[in-house]
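Inspection log for the structure reproduced underneath, given as structure tokens.
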Amino acid sequence: MQDSHGNTQILNQANSMVKRTWRLLFRIATLILLVSIFVLSLIIVLQSTPGNLQNDINIIRKELNELMENFETTSKSLLSVSNQITYDVSVLTPIRQEAIETNIISKIKDHCKDRVIKEGSTCTLNRSPLHDVSFLNGFNKFYFTYKDNMQIKFKSLLDYPNFIPTATTPHGCIRIPSFSLGQTHWCYTHNINLLGCADPASSNQYVSLGTLQVLKMGDPYFKVEHSHYLNDGRNRKSCSVVAVPDGCLRNCVTMTKNETENFKDLNWQHNYLHTYHIMVPLKTRIINPPGSSRDWVHIAPGVGSGLLYAKLLIFPLYGGLTEKSVIHNNQSGKYFFPNSTKLQCRNSTMEKIKGAKDSYTITYFSGRLIQSAFLVCDLRQFLSEDCEILIPSNDYMMVGAEGRLYNIENNIFYYQRGSSWWPYPSLYRIRLNLSKKYPRITEIKFTKIEIAPRPGNKDCPGNKACPKECITGVYQDILPLSYPNTAFPHLKQAYYTGFYLNNSLERRNPTFYTADNLDYHQQERLGKFNLTAGYSTTTCFKQTTTARLYCLYIIEVGDSVIGDFQITLFLAA
């Protein structure tokens, strides 16, 4: 039975295969016949109407051209709509959102003023500091668009009330200013040495919180709403400040030894985050991010202000790495060096590379690899231990130094002090990936600026730019007034302002300037010739009701009758 059933299956399969073969042959024959009929018909038509063929071709071509034109028009229209949607989402929506927020703040402030005037009572909403409404939406912007042959100049320095207290004894020393201008208020801090600037053992810290208000003649003044004098025995140094909602945060390092001893000693010196909030008592906490005491011999804030970015609190850092640590091994041997257009170095490429590599390891700091970094904390949990240190690659950044972070129109920029062989201000654009709990650096772009050189020493003066190991310079941050050009080759593609010390070897001749990447537009020396000066920081803002731009320059000045160093303010418009 099994054999009979198997034979039947084979026979059925054979019959099925034959049927499929005949169907295929029939289909092929039919297709050939149809093609033949079409070809014969086409020949007959062409032979019978030879005179109309060219007309038919022209008509077809015309219709095809019209079809292509319609398609091109439709495509352009769709592309225009797509671009408009992109522009609305990425540009207009944030602007409108900011305008709505500004309007709400303005209405709240006006409401509070009316209540105080009409009822004679205090307005609880007034507990939160708010700038005068004429300045709202005038902060952290690019105020110009670069145009060839256009120069930026300020007309005059303004007389206005000073908001920074000065030294009160002949040997008092006030140094290291840090200033942060937020959307609702500003924060300021500086260090005070009672026994002169050379005293490393003890110091106090001043912090103030205030708002921008308007004088009767229309110019701004910096009104101090709250201030605090920290005199608790802790020797705070290198404090960076940032304005946060309803308060200020400062990142400081507490020192028990001088700077060179800190880089030599393996005993970790803690960083402290100080909360100065108008609603709550002063709080302090130790910052101890994962691996910090293992990877770093010493780490300090960058002095310049930090920033708020997408609910993250970010401070500049720099310090010395522990030899053979994970970060040290990752960064060792990496280097970055730009070539100066103005101060050309005649060294060979190999000599430049060797000098650049050597520049990261500083003999003065016990041979430590000196690294820049960023402290990142969740603003919503800044009273916890929840912080992390981000390490920028030295493939794209020069040797670690003091610095400042800017958030300008949602772009992060980082100023790095010229502490090594490069004499000019270093400015980088930083891009972050925010997809995880803490961000990761995805891009670092250097902007080559060749104005405002820092004073140096005989090994690395302010008028030379060959890569080599040295330690020198001074903190002189630079403020971009238009979007900095990070493309190569670098051209005159942005405007800047600040103070610099116009001396290649000594901290003398503080000079105010406006400039582009390569040339000054305006320079004005402060005070007498060879005046001693030091750190400087610059912040600009616009009075939106008058469209007038103001820039605040905060600078350390020596040679004072009272105090070794004072902090002096200038306001230009």
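Any Cβ shown, glycine's included, is placed from N, Cα and C.
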Exercise. Which of these links to Cys466 by a disulfide bond in Swiss-Prot: Cys239, Cys248, Cys252, Cys345?
Worked result: Cys345
Exercise. For Cys248, which disulfide partner does Swiss-Prot record out of Cys173, Cys187, Cys197, Cys239?
Worked result: Cys187
Exercise. Looking at Asn126, Asn258, which is the one Swiss-Prot tags with N-linked glycosylation site?
Worked result: Asn258
Exercise. Of the candidates Cys470, Cys540, which does Swiss-Prot name as forming a disulfide with Cys551?
Worked result: Cys540
Exercise. Which of these ranges is annotated region 'Involved in neuraminidase activity' in Swiss-Prot: 109-114, 235-240, 541-546?
Worked result: 235-240
Problem set entry | recorded positions near Cys345 (disulfide bond), in sequence order, restricted to Cys252, Asn258, Asn339, Cys460 and a 10 Å Cα cut-off | Asn339
For this session: In whole Å, note down how far the CA of Cys248 (disulfide bond) lies from the CA of Cys540 (disulfide bond).
Result: 19
Seminar exercise, completed: Same-chain residues at least 6 beyond the ends of the region 'Involved in neuraminidase activity' (235-240) with a Cβ under 8 Å from one of its Cβ atoms are 176, 178, 189, 191, 200-203, 205, 250-256, 272, 274, 300-306, 315-316, 402
Exercise. How many Å separate the Cα atoms of Cys460 (disulfide bond) and Cys466 (disulfide bond)?
Worked result: 8
Problem set entry | Stretch-averaged pLDDT - the region 'Involved in neuraminidase activity' (235-240) | 91
Seminar exercise, completed: Of the disulfide-bonded residues listed (Cys460, Cys551), the greatest number of other CB atoms within 10 A surrounds the CB of Cys460
Problem set entry | Of Asn330, Asn347, Cys466, i.e. the recorded positions, those within 10 Å of Cys252 (disulfide bond) when Cα atoms are compared | none
